[in-house]
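Pasting a structure here, questions to come.
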Amino acid sequence: MISGSGHPLAYPVLTTCGALVICLAWAPFADSEQLAMLGAVALVVLVYSGFRVLVASGVLPWHTDPRISSAPDDSASADTRSADTEAADSGATESGVTGSGAAESGVAGSGVSGRNALRCRRIRQQHRLLSRSWLELTADDRTCWLPVYFDPTLVTAADSTAELTDGVVRFGNVRLYPSGPVRDREPVGRLHDNPTRPDPDGPAHAAAASRFTRRLLLDGQFAVAAPFAALLWVYIAGGGFPAFAGAFTVAAGVAVWFSAIRGSDPS
């Protein structure tokens, strides 16, 4: 399902593995109380990551339906009906069974009508340390926003049409993966639109932004709270410097993971 480092879900999955490895690395040096905490952290990371991957892949479409639909186009409907009629006639001619051809045509027609095509543009949210990509979906004067995992094609994407079918999102010819629930209100913070004209430096910028080291460095900003979490753990449970070092690395790994699994945008 996730193949290649360029897959939008590859980076979140890698940070998940990193957080789990950190927890496992400290397990041999932990006492019973610390081991229980490491197990709880690892379980939360594993379960939430699995949930987000299932939602993003369309296996579990949880709150990814924008609840708005485009108005059917009369000419498109006529073309669809004409195509269905031709398919039925062709099926009847080849198989000799008119009913079978009509049934197959009906199934194909229902698959087309089940798609929800909406006007779409990509925006980038910047709120404090948080940076995410969103799809602004519009139909019949109604607008909603769906967060998606970063894909390099989003950097140069122009306004287009997005198709949503059973939790699967396609923006133009690219499949995108939702990183959170759809919302009816505009995301907080500063919102940056893509340029209306093609940027000659866009492909180079997209390639630089998608580098693993750059993404890890940007998400590492959230680890600023790790020392304070480690001090709090030592204050509550004790353990001295070894406990502080373990809690610090675990907290830093979880902070980077949480930013990545929410769909951070390095562009």
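Just so it is clear, glycine is given a Cβ too, placed from its N, Cα and C backbone atoms.
Taken from TrEMBL, the feature transmembrane segment covers 9-29, 35-60, 216-236, 242-261. The region 'Disordered' annotation in TrEMBL covers 69-113, 182-205. Positions annotated as compositional bias 'Low complexity' by TrEMBL: 69-80, 95-107. Annotation comment: TrEMBL describes 182-202 as compositional bias 'Basic and acidic residues'.
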For the transmembrane segment (35-60), what are the same-chain contacts with Cβ under 8 Å, counting residues 6+ beyond its ends?
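Residues packing against the transmembrane segment (35-60) from afar: 1-2, 8-9, 12-13, 16, 19-20, 23-24, 26-27, 149, 166-168, 177-179, 233, 250, 254, 257, 261.
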With DSSP helix as H/G/I and strand as E/B, how many residues of the region 'Disordered' (182-205) fall in helix, strand and coil?
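For that range the per-state counts are 4 helix, 5 strand, 15 coil.
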